[in-house]
């Protein structure tokens, strides 16, 4: 880690666990839930957000002395919207099927509060390199949760990972299905995502009691 | 009239913004500790959705969709500015929120003070942008229906935040396992409420939306003609409807 000082490393590592944007800062939850029924969609969403956050934080950090504070929300929205258009067009060009699955949720990256939250809390007051690291760190923290939710929902709900059956064939009754295992259709429906996040929060806070909130 | 009623109940209960598509979750979780603030924010969301969805419908219809520029002249009919919709929608929303803020501050300072920072934050509430994007994705056929969609999905969001705020006020007196307190239990309760709301799916009398990705057949084309005729009627109705709302 010659490239990164200890302080800079923390910028990346903190949001992965103890300062996670989803479970601790309560930011960017909408998209974390809606598109996580499949691992592939979760992963693509995570990558898109990492791109938008990384570049967006750099742009806002560069412009931070130019943007008048009164209209900063609109200025920030324009920067994010431009980056999201790029992501959306790239997805439509190279992964059309996937862009159909993600549907409006790519557009909703614009209003993903992680992005606005980090612009407001960090990029407006810090240098370019640190803002970039902060953006990547927070987007990674978001991505980690997304991938965990996607993994469990796809594995338990459809018995597949990335669309490849891993628990055997449910129709031919091979693998786990031969001993009576059934796919849990509950994991596919939207409310299951909320409950999985609830459980992730539960596990995280049992491991680190300092994070426990009041009722 | 029937389709208005159907869309109204469908957007409130079946396609509920919070429980079916998880829009506006951040403010839903952050502002739902007290019923009073939840009501204020919910009302603001209904209002902003009712204004921005029809406005964005007009933008989509006459500027953005494939061939929408035909009214400028035949040489413009081939343009598809759809890729600009994110930026135009968000600009409309940010402008309208700013406008609402100014008007409320001028005419009702007490309401302005009680809403405080929530009002500007509505601009980045995904429920608002989501409303417009779903309006576009589901191809809502007329301005009247778009207005209906905006208001009813706002009401759905309002109901959701009201319910969770009431539950959270009561849950303070229960003995929740320590690591689940606060955020964790709120997530799980929302999940359970979502399962409850799924049972409203049985309310659907008949779903006229063609499944996504199907190509139009000749039968559907004749249907389309009927829809267009209805649309014209609806637009006439929508004008009178709008006037009623303003009064």
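Each residue, glycine too, has its Cβ placed from N, Cα and C.
Range A:75-95 is the one annotated as transmembrane segment, of A:75-95, A:159-179 (source: TrEMBL). Transmembrane segment is the annotation TrEMBL gives to one range among A:14-32, A:185-203, and that range is A:185-203. Residues 44, 48, 51-52, 55-56, 59-60, 63, 67, 102, 106-107, 109-110, 115-116, 119-120 of the same chain lie 6+ residues outside the transmembrane segment (A:75-95) yet bring a C-beta within less than 8 angstroms of a C-beta in it. With respect to Cβ pairs under 8 Å, the transmembrane segment (A:131-152) is most closely packed against A:43-63, considering the stretches A:43-63, A:101-119, A:185-203.
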